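Visitor: First the structure, then my questions, so here it is.
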Amino acid sequence: MGNTVQTDNDFMQMQKPFALFAKWLEEATVSEINDPNAMALATVDKTGFPNVRMVLLKDFSPQGFVFYTNYESPKGQEILKSMKASLVFHWKSLRRQVRIRGIVEKVTPQEADAYFQSRPRDSRIGAWASKQSQPLESRFVLEKAIARYTTRYAVGNIPRPPYWSGFRVKPLSIEFWCDRPFRLHDRLLFTRDSVEHVDWKRQKLYP
């Protein structure tokens with residue numbers, strides 16, 4: 001695959017998880033075929049069953065990992081109930097993985113508005129037209145809704161739907177995994193007791 005696997009003296013010596021994540025994401029941006037910011041988002045429904053789906057990371061900082069969605073969708077409702085989530089990034093081209101567990105908060109309306117207005121116009125129309133994850137009688141019904149909202153918002157800015165916004169996952173743990181021969185992989189775990197803490201505990205793990 002042409003990938004370069006980091007050695008123990010490289011990422012296993014890193015002290016700051018967000019700096020390491022930024023480095024890995026930057027390298028994945030070069031090597032991944034598409035969507036290096038794709039991540040698996042895991043939530044739990046009211047019966048205790050887990051659900052997982054792919055979403056796109058839109059921003060990250062020491063404050064957390066941000067993505068946007070329809071709050072009325074199953075993932076939105078599950079997050080709003082528990083305010084907890086897990087994320088996984090898997091970069092096959094680099095043979096690396098990052099696992100994140102944390103507490104979730106809503107982004108501010110100002111953040112959501114700014115990101116929504118940065119999206120392509122057709123995507124903004126789609127946010128109004130799609131009743132995400134609800135039963136759809138036919139594609140034609142969706143296309144009619146798209147046409148209706150295209151006409152409604154033919155001129156000027158398209159406002160953000162009240163049910164469409166973002167979440168920020170504030171991590172309590174971040175684990176970095178790197179493939180090594182014979183499944184003797186490198187694993188580095190950062191943990192903290194509270195999302196308010198800026199200091200992280202750092203621990204190497206057996207494969």
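Going from the start of the chain as shown, residues are counted 1 onward.
Placement of Cβ uses the backbone N, Cα and C atoms for every residue, glycine included.
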Visitor: May I ask you to find which of R119, R121, R168, R187 Swiss-Prot records for the FMN site already listed with R53, M54, V55, L56, L57, K58, Y68, T69, K75, Q97, Q132, S133, W177?
Guide: R187
Visitor: Near L184 (substrate binding site), how many other Cβ atoms are within 10 Å of its Cβ?
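Guide: I get 9 for this one.
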Visitor: Just counting, how many other CB atoms are there within 10 A of the CB of Y115 (substrate binding site)?
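Guide: Excluding its own Cβ, the number within 10 Å is 19.
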Visitor: How many neighbouring Cβ atoms, not counting its own, are there within 10 Å of the Cβ of L57 (FMN binding site)?
Guide: 18
Visitor: Could you tally the C-beta atoms, other than its own, that fall within 10 angstroms of the C-beta of Y68 (FMN binding site)?
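Guide: Here the count is 21.
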